[in-house]
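First comes the structure, then the notes that go with it.
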């Protein structure tokens, strides 16, 4: 439902000149008005928003409210990182259950403020309301960049990378995600990232979205896919393989990105503080393809969480 409705909105909303990147990427990019100074870089505003709802995106009876507040900030920060931007400020809106509203707000804000301090984000404003319903948290984060990373910039031959390790987030990592804000800043200073996206709905599904936006595909070396220890643990109970969890589990909040092949060696030889793994290359034919022999590839299909739907095509 989400992707089809976004397509509908793109057709209905008016694209004004100040909106450089609108609906369809990890965040919007808004150009500042006025002339560009000859001796100052032009900074572009990046804005993203996410809402999480009790009973849908989290369960307040099973998780600490502080963790929920931290996560609400982190998922937005992950979108900012995927744009290659620096976060600056946030607007926080809470819709609170009327019963114990003050206590709930205080505990949620403990996590929000912890994340804000960790990633140097100012809480600039927001709104509070109470009603007879579940807790809802909506956060908008504003950031800036000179040149945003988009989903649309992948080029044939680009080397594909993913940060961190994938899969098994439901065993606990999803409670306190680590958005790759610092890593994105280091990448920005070191290489020219052509396209990027964060892994929120599943590695394969989000990779496919980035490539579709670029009208490209990918040839993947699935044996190189970085699989988390949690994915191995989860596989012991789920009946699925660790690779299947890495392929499709959501809420990893890692970054997928691509660079020109001549810059791949820079990525691989640099200590980024977290693992950054080469997993394949961008190709001109659409779709995802896995290597099965020296020069033979088979089509594989994305799988992950789709808002308003049950699943997408099987991964194999």
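Cβ atoms here come from the backbone N, Cα and C positions, even for glycine.
Record features (Swiss-Prot):
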BINDING   26, 79  Mg(2+) 4 binding site
BINDING   26, 79, 198  Mg(2+) 3 binding site
BINDING   49, 50, 127  Mg(2+) 1 binding site
BINDING   50, 79  Mg(2+) 2 binding site
BINDING   57, 251, 305  substrate binding site
BINDING   109, 126, 127, 151, 200  ATP binding site
BINDING   201  Mg(2+) 5 binding site
Reduced DSSP assignment, residue 79 (Mg(2+) 4 binding site): helix
Candidate binding-site residues 49, 50, 57, 79, 127, pick with smallest Cα gap to residue 200 (ATP binding site): 79
Residues 109, 126, 127, 151, 200 [recorded ATP binders]: greatest CA to CA distance in Å: 32
Other CB atoms within 10 A, centred on residue 200 (ATP binding site): 21
All-chain count of other Cβ atoms within 10 Å of residue 49 (Mg(2+) 1 binding site): 16
Proximal but sequence-remote residues of the same chain as residue 50 (Mg(2+) 1 binding site) (Cβ under 8 Å, at least 6 apart): 72, 75, 76, 79, 138, 139
Which of 79, 251, the listed binding-site residues, has fewest other Cβ atoms within 10 Å: 251
Binding-site residues compared (57, 127, 198) - highest count of Cβ atoms within 10 Å: 198
Rounded inter-Cα distance in Å - residue 126 (ATP binding site), residue 198 (Mg(2+) 3 binding site): 25
Integer Å distance between the CA atoms belonging to the residue listed as 'Mg(2+) 5 binding site' and residue 57 (substrate binding site): 12
For residue 151 (ATP binding site), the three-state class that DSSP assigns: helix
Whole-number Å value for how far residue 198 (Mg(2+) 3 binding site) lies from residue 127 (Mg(2+) 1 binding site) (Cα to Cα): 28
Residue with minimal Cβ packing [other Cβ atoms within 10 Å] among the binding-site residues 109, 126, 151: 126
